[in-house]
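Reviewing the structure listed below.
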Amino acid sequence: QNISEFSLNITDCIQVVVPEEVFFTVAAAGILENLLVLLAVVRNKNLHLPMYFFICSLAISDMLGSLYKTLENIFIILCKMGYLTRRGDFEKKLDDAMDSMFILSLLGSIFSLLAIAADRYITIFYALRYHNIMTLRRALAILAIIWMFCAGSSIAIALFSYEAATVIPFTILFPLMMFFILCLYVHMFLLARAHAKKIASLPTSTVHQRTNMKGAITLTIFLGVFLCCWAPFVLHILLARFCPHNPYCACYMSIFHVNGTLIMCNAVIDPMIFAFRSPELRSTFKKMFCCAR
């Protein structure tokens, strides 16, 4: 269903296939790395903070993305081997479940990034009131609302994915949320730059400001990686839905496996950013590995 037979007949583009060994290796690495992040936050009480809980939410979304692509690839292999059919009732339900997992991963990542961005915004501009505004209970409540909304939306979109009224809002949501987060970051950096000039004469405030800005820069890297890894696959979905018979669209859809691998690369890269930018996480990882040895 990724590329119709008609599309293949009118384009000379050869489908790019990622070797299964590479595919499953990247998927396993992404799942294990994000499990380490979750385990580190659980074990280290110093990391029981709203920011790290939001990071855990992003890690869970990354794991779901890798798991989705792994199950989808296994499903395709079983179909090729003849153990499953593409049009059976069981296979249809399985396909809907995997589509729901994909949408849940995408929405979870978007709203987790949005929560992290809002948390950084409050940290930078309301530093003295941060612990009163973003309490641990409020952070957990926000995460509960996010995942309840994402779970409900993923089920609804998967069940009615062939309806234009369902596809259009979903396709609009991705660029809209990304635009909102980008505006928030631009606003954050502009205000932080102006604020830094006012407090340049206060050494302690400057150090605190640099620490908060480091967190904002880290989240900007997260956003850039997310866009690079997810945007090609979302574009593939749009082209498959709205112009499946166009030769140019079919040519782009020939790199479907590459776009799917990019999603799993996002799950591999994010934990590396966590470990590289957070001294507390690096210390926790070292203690975990030393204890294991």
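Glycine residues also receive a Cβ, built from the backbone N, Cα and C atoms like all the rest.
All TrEMBL annotations are machine predictions without curation.
Just so it is clear, the model here is predicted, and its values are computed rather than measured.
TrEMBL lists 22-42 (among others) with the feature transmembrane segment.
Marked as domain 'G-protein coupled receptors family 1 profile' by TrEMBL: 33-274.
Beyond the ends of the transmembrane segment (49-68), by six or more residues, the same chain brings 26-27, 30-31, 34-35, 37-38, 41, 98, 101-102, 104-106, 108-109, 112-113, 115-116, 119-120, 123, 134-136, 138-140, 143, 146-147, 215, 222, 263-264, 266-267, 270-271, 274 to within a C-beta distance below 8 angstroms of the stretch. Per TrEMBL, the feature transmembrane segment maps to 49-68 (among others).
The transmembrane segment annotation in TrEMBL covers 102-128 (among others).
Per TrEMBL, transmembrane segment is recorded for 140-162 (among others).
Under the heading transmembrane segment, TrEMBL lists 168-192 (among others).
Annotation source TrEMBL lists transmembrane segment at 213-235 (among others).
Residues annotated as transmembrane segment in TrEMBL: 255-276 (among others).
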In the same chain, which residue numbers or ranges, 6 or more beyond the ends of the transmembrane segment (140-162), come under 8 angstroms Cβ to Cβ?
53-54, 57, 96-97, 99-101, 103-104, 107-108, 111-112, 115, 170
